[in-house]
């Protein structure tokens with residue numbers, strides 16, 4: 001099995017994004033399954049185009065997107081992607097989309113194909129905090145999550161896709177105002193979560 005794991009580049013004035021930093025540290029194989037790592041831009045629509053190109057190139061069986069969720073204290077697999085985006089916060093292009101639906105003919109929401117309960121259990125057993133999230137927000141994370149689900153329905157019916165949010169790194173947190181997690185713990189937790197997903 002081939003698993004494509006993506007991580008976003010830094011955004012919002014940050015110099016680092018734990019998503020791509022953790023993805024880069026993942027092993028090249030997990031339980032004999034090939035791990036393909038990809039950095040994606042924090043840009044509406046462009047992020048989905050980059051991932052689609054990678055799907056067509058590598059033909060993965062599963063795609064897991066990883067993103068930063070500042071304020072969370074655990075690794076959080078997402079349950080559902082919603083057909084809504086807000087352009088109130090500019091992306092890395094300096095712009096944002098018109099507020100509204102991501103895809104005019106898309107479903108209001110798509111549930112992940114990943115075994116998120118098993119993923120949470122496995123991550124906790126590895127000693128890393130984890131819980132299911134029911135909201136991926138309305139920024140580029142949810143946008144990419146939704147677009148991948150939309151592609152699965154219309155173009156890649158055998159593909160399994162999902163999204164995992166991770167906390168800030170300690171270096172991103174000032175005055176201890178937000179939770180954070182070390183990079184080594186993120187990698188440990190993501191590895192356990194991915195292993196549970198591919199072994200389900």
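Numbers here mean position along the shown chain, with the first residue as 1.
Note that Cβ sites are derived from N, Cα and C of the backbone, with glycine treated the same way.
Here Swiss-Prot flags 78, 141, 165 as active site.
Here the features listed in Swiss-Prot are placed on the structure.
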residue	record	CB count, 10 Å
78	active site	25
141	active site	24
165	active site	23
Pairwise CA distance, residue 141 (active site) versus residue 165 (active site), rounded so that it is a whole Å:
9
Can you tell me how far the Cα of residue 165 (active site) sits from the Cα of residue 78 (active site), in Å?
7
Under a three-state reduction of DSSP output, how is residue 141 (active site) classified: helix, strand, or coil?
helix
